[in-house]
Each structure stands twice: as structure tokens, then as C-alpha cells.
Amino acid sequence: MGGTDAKDILGLPKTPLSLTQEKKSRPQKESHRKPDGISREVYALTGGVAPLMPSIDLKRRPPADEKVAWKWLSFTNSARKDDLQLYHWVRVVNDVPPTGDYSFAKYNKSVDILKYTDEEYENHLTDSVWTKEETDQLFEFCQNFDLRFVVIADRFPVSRTVEELKDRYYSVNRALLRARAQSPADVANHPLMKEPYDITRDRERKRALSMVLSQSRHQEKKDAEILAEAKRITEMRLAARRAEEPDVSANENAGLDKADGVVPGRSVSPTSNSQLPATAVAPSTLTMADYASTLASLRMLHVYLRTYGLEQMVQAASSAVGLRTIKRVEQTLQDLGVNLKPKVPTKTVCDEHLELRKEILTLLNLQKQLQYKESEGSSHREGSYAAMPDTPKDRVFAPDPFSFGAERPIKKEQKRKGPGRQADTPSPAHKRPRKLKASDL
């Protein structure tokens with residue numbers, strides 16, 4: 001009897017009221033029918049896929065305490081002298097309009113032009129080519145057009161070149177500074193006094209610039225070929241000059257040979273020379289040539305990063321050595337507490353860094369040569385005692401009991417049998433008896 005039948009007999013409801021209400025309160029899940037043509041296993045994998053991006057609940061912005069509004073307000077610009085009143089939109093916070101000067105008034109910059117009096121002009125500024133009216137008009141245009149001499153030359157009533165206008169303006173300023181100063185030392189460091197305007201140099205500069213801008217493609221190609229040929233000749237001369245200079249490592253190697261007892265007039269055994277590495281016997285001419293070529297190519301660039309130049313010089317200096325030697329140089333730098341790349345790569349620091357790398361490389365070459373010398377000396381010592389037999393000091397003399405002082409009899413050499421032949425031959429006890437013949441009877 002099930003639970004439902006017992007409830008029917010007792011007259012109890014099949015489902016409690018609380019459970020019925022709970023079922024009513026729960027939302028019913030939407031049932032999705034499996035599409036046709038898709039298996040049940042595949043369709044089960046499609047449900048419950050995790051979202052590609054995590055859902056982020058955006059927090060509600062708290063209500064702002066400030067009340068912001070945009071209003072159409074009037075303003076005046078301090079750069080203008082006529083007190084013109086204009087209008088623009090302004091951001092107003094809590095109904096309090098902004099105060100202060102116009103925000104774009106700070107960009108109104110003007111050039112400070114020197115002013116002179118009639119007395120100063122008569123005493124210091126008179127010129128046979130320029131009149132006072134022309135000079136006054138020039139300074140007025142310089143004030144209005146902010147020293148834009150191209151615009152001034154276009155507006156000037158008298159036909160004057162840009163160079164002539166510049167020369168007159170700067171000469172008047174220098175004369176006024178010199179006349180108003182109490183001593184020449186007071187204005188000696190002024191830019192107009194230290195670097196005066198040179199009209200001849202300016203004309204020559206513009207003439208050269210116009211020639212460069214007006215040349216044809218054929219002339220540009222020809223100039224490029226000339227520059228490339230000059231670069232090649234410079235590199236060849238520097239490489240030849242570097243190759244002719246004596247190497248520091250070669251001089252130190254020669255001094256070490258003298259200290260070891262090698263006389264310059266005598267010849268050294270070929271075995272010792274063959275054992276020494278090439279970097280310790282002869283100077284690295286190829287490395288110096290690469291170093292000079294790299295230096296010449298960097299100079300032709302005119303503008304380059306100091307770290308890039310240092311890397312190129314280090315690669316050129318390490319081109320003739322192996323990777324193991326380069327790692328030993330870097331390890332030595334780290335042991336000395338020196339960075340592989342300088343933190344402040346000035347010219348002096350880079351030169352000292354390259355010099356330190358050269359000295360470390362020379363030290364490693366000398367250590368390698370010393371190691372070869374020591375191995376050569378040890379081999380000579382071992383070879384001198386190899387021909388002499390060792391004295392049997394610890395061996396006890398035991399006479400032969402069979403010889404009694406005479407020579408041991410030499411055993412007769414037995415004939416060797418092949419392997420496995422003796423084992424295959426049966427013993428005499430196991431031999432089968434020979435059959436008797438008629439002649440034996």
C-alpha cells in the first residue's frame with residue numbers, strides 16, 4: 001500500500017497546503033524542446049555555457065552635491081585695449097559664475113621692442129643709408145608684426161630686402177644697449193652682443209640653400225656618389241692607420257716571452273707555437289680594421305644614439321674572439337661591479353668602458369698564454385724522466401726454486417688446437433674397439 005492510498009483511506013489531503021503554496025510561489029522553468037536532427041548528447045552540451053566576459057554590476061553613481069549648468073555670459077579680454085564685451089558659454093557650478101581673466105588671454109604674447117628718443121637717435125643711431133622716418137616705421141612694423149621680417153619687407157614702403165631690415169633693426173638695438181649700459185661688461189653677456197647679426201653670412205647661407213634646393217636629380221645623384229666615395233676612402237685610411245699601430249696585447253706578450261727566458265735571437269720550437277692560440281701570438285689586425293671601419297661609419301652618421309654607437313664598437317672589438325671569451329669578459333665585468341651597458345652613456349664613460357673591455361680581453365689572452373706555457377713546461381719535465389725505469393724499492397727479491405740461479409728451461413711450445421676441438425675428442429676409455437681384419441688372424 002502506497003502513501004497515496006493510506007491518505008485516501010484516512011481522508012487526508014494528498015499534498016499539504018504549505019507545499020502547494022510553495023509550488024505556486026516558485027517560478028516555472030521554461031522547457032525547451034530539442035530540435036530535430038540533433039542527438040540528445042550533443043544538445044545537452046549546448047546548455048549552460050559560461051559567458052565570454054564576466055558580468056560586472058555597475059554601481060549607481062551617488063547624487064552629485066554640485067549643480068552644474070551652462071550659461072551664456074559676457075566676458076572681456078585683457079589683451080584688448082578697447083574693453084570689447086563678448087559672450088560665450090560658461091560652465092557654472094551652483095549658480096556661481098566664474099571670476100578672473102579670460103582663459104585665453106595668457107596666450108597673448110608680444111615682443112619687447114626697445115624705444116629710443118630723438119636725442120639718442122642723433123647721438124648714437126644716425127646712418128647714411130637710413131633716415132629717422134624709415135627707422136621709426138621699421139620699429140613700428142616690428143612691434144605690430146612680432147619681428148616677422150618677411151611680412152615687414154612686404155609692407156615696407158621703401159624697397160628694402162629682408163637682410164637689410166634685419167641688419168638695421170639689430171644694429172640699432174646693439175647701439176642702444178651699448179649707450180645705456182654703464183660699462184661694456186654689463187652687456188657683454190647679452191645675446192645681441194655675443195652673437196651679432198652678420199648680413200654677409202646670412203646672404204651666403206641663403207644663396208647656398210637656394211643652390212641646394214634648385215639642383216637637379218642628376219646633380220643630387222652625383223653628389224651622393226662623391227660622398228659615398230669619400231666615405232670609402234676615409235674608412236680605408238682609418239683601417240690602414242689602425243693596422244699599422246702596434247697592438248697592446250702583442251707588446252705584453254713579447255714582454256712575457258722575455259720573462260720566461262725566450263731569447264729574441266733564438267728560435268722557438270714549433271710545437272709550442274702551434275699550441276698557443278692565435279689571439280695570444282699575433283695582434284688582431286682584423287679586429288682593429290673592423291673597429292676602425294665601425295668608427296668611421298658612425299662618424300658619417302653625424303647624429304646617432306650613444307648606446308647604439310657603444311654596441312657597435314663592442315661588437316667590432318669582439319668580432320675576432322669566440323662566444324666563450326665574450327661571456328668571460330661579461331662575467332669579469334659583473335664581478336667588478338660594472339654594468340654591461342653604462343647607465344649614463346656619455347662620451348667619456350663610453351670610452352672608458354671600451355678601454356676596460358680591451359684590458360679585460362688582454363688579461364684573458366695573457367692568462368691563456370700562461371696556461372699554455374705551464375702545460376708546455378710540465379710536458380717537458382715528464383718527457384725527461386720517461387726514458388728512465390723506476391727503481392723497484394718496495395719489491396722483495398724471491399729466487400726461483402726450479403732454476404737455482406740457472407736459466408729457466410724453456411718449455412716446448414705446444415701446438416695450439418682450435419677452440420672446442422679438445423672437448424669434442426673422446427677420451428681413450430670411451431673409444432670403440434677396432435674391428436679385427438682377416439690379415440690380423
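Including glycine, each Cβ sits where the backbone N, Cα and C put it.
Database features, via Swiss-Prot:
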type: COMPBIAS; residues: 21-38; note: compositional bias 'Basic and acidic residues'
type: COMPBIAS; residues: 268-277; note: compositional bias 'Polar residues'
type: COMPBIAS; residues: 373-383; note: compositional bias 'Basic and acidic residues'
type: COMPBIAS; residues: 429-441; note: compositional bias 'Basic residues'
type: DOMAIN; residues: 126-175; note: domain 'SANT'
type: REGION; residues: 1-38; note: region 'Disordered'
type: REGION; residues: 244-277; note: region 'Disordered'
type: REGION; residues: 373-441; note: region 'Disordered'
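According to DSSP, the secondary structure content of the domain 'SANT' (126-175) in residues is 34 helix, 0 strand, 16 coil. For the domain 'SANT' (126-175), the predicted model reports an average pLDDT of 92. Within the compositional bias 'Basic and acidic residues' (373-383), the DSSP-based counts of helix, strand and coil residues read 11 helix, 0 strand, 0 coil.
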